[in-house]
Amino acid sequence: MVTPKLHLDLSLTKKMKDHIHEHDHMVQICGEVSSGETSLVGIKKTCGEAPCGFSDAKTSSIEAQERAASMRKLLIAVLLCAIFIVVEVVGGIKANSLAILTDAAHLLSDVAAFAISLFSLWASGWKANPQQSYGFFRIEILGALVSIQMIWLLAGILVYEAIVRLNNGSGEVEGSLMFAVSAVGLLVNIAMAILLGHDHGHGHGHSHDNGHGHSHDHGHGIAATEHHHDSGHDESQLSDVLIEQKKQRNVNIQGAYLHVLGDSIQSVGVMIGGAIIWYKPEWKILDLICTLVFSVIVLGTTIGMLRNILEVLMESTPREIDPTMLEKGVCEIEEVVAVHELHIWAITVGKLLLACHVKIRPEAEADMVLDKIIDYIKREHNISHVTIQIERQ
């Protein structure tokens, strides 16, 4: 005769096997079923994904190739910038031009931005672990904060020197050397713009969406845990996910490209100032005016970055997400009664997470409602990492 406890164990085992067949996940049962003891502690579940759910084994090869291509572009840009920074520093000192040194400081800010993007692409290949369950994306934020502080320090030194020279007068500025160095800088910026602007990335038609929601169904005083895994086999949804992943991977290249365009404009300004001073040396005050103007521009380029950093560190709701509209959209689902404990935050820029409690009608099927909610959040708000706790009314 089968005892009730043994019968319960066998039933649980059968349900787990059915769950394996349905969702194609790997489940290893380490504990032994005995008639004298029933335990679920020995059940070990292994999913083929990173703990944070940001990566997918089936697309890791494609992502690695595209990540390597982006890293090569950024590495070349960093090397070009680093070499020309040395040229500008030497040329600025010899020409006695603060404007060239300011351009070098701006270029240094670009090197910092490129290096952060490069490190971000490299670190995005690191796998999450139990200690760093969300991965290492926050390193990018910390690096950006350090680079901003360095840029502000350099800009402050240059502004101070420009003010001192305005008050006390400055030595002669060699307009010809100033023009030549800035002209070479413009050529370097054009080369980098061509490098970063020409995207060789190609789309691929296969992707697997591992986004998952976790629902905890609390009803009539009995707590049960349900895990929902969205396999995402619909081809149109796969295409949308792939396009969005492509945009996320290219955002570093696009940011670097915009930095280069800004540098090109500044190089043109220094060239014009150098040409005027070359033609009329007594107009050397233009060098100091260029220094003050471009220092303000350098500081201005860091404001947006600083705002993004503070929003991530304060775990503010990302600006591209309207939590009121999101909550309203979830509540418009027929089976949903209310939404509370809604939290939306970012691990780093572009990596969004959401957690909330959703109260549903007593007769509603939790899995079906969870499917609808996750589909809505991914489709309308592009949040791929969603954790939802289902509660009965």
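In case you wondered, yes, glycine gets a Cβ from its N, Cα and C as well.
As the structure is a computational prediction, the values presented were derived from the model and not from experiment.
Swiss-Prot annotations:
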COMPBIAS  202-236  compositional bias 'Basic and acidic residues'
REGION    198-233  region 'Required for zinc-binding'
REGION    202-237  region 'Disordered'
TOPO_DOM  1-72  topological domain 'Cytoplasmic'
TOPO_DOM  94-105  topological domain 'Vacuolar'
TOPO_DOM  127-138  topological domain 'Cytoplasmic'
TOPO_DOM  160-176  topological domain 'Vacuolar'
TOPO_DOM  198-257  topological domain 'Cytoplasmic'
TOPO_DOM  279-284  topological domain 'Vacuolar'
TOPO_DOM  306-393  topological domain 'Cytoplasmic'
TRANSMEM  73-93  transmembrane segment
TRANSMEM  106-126  transmembrane segment
TRANSMEM  139-159  transmembrane segment
TRANSMEM  177-197  transmembrane segment
TRANSMEM  258-278  transmembrane segment
TRANSMEM  285-305  transmembrane segment
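Recorded stretches compared: 106-126, 177-197, 285-305; the one with the most Cβ pairs under 8 Å to the transmembrane segment (73-93) is 177-197.
Ranked by the number of CB pairs under 8 Å to the transmembrane segment (177-197), the listed stretches 106-126, 258-278, 285-305 are led by 258-278. Using a Cβ-Cβ cut-off under 8 Å and counting only residues 6 or more beyond its ends in the same chain, the topological domain 'Vacuolar' (94-105) has close neighbours at 85, 88, 151, 154-155, 158, 161-162, 165, 170-175, 177-178, 181-182, 185, 263, 266-267, 270, 273-274, 286-288, 290-291, 294-295, 298.
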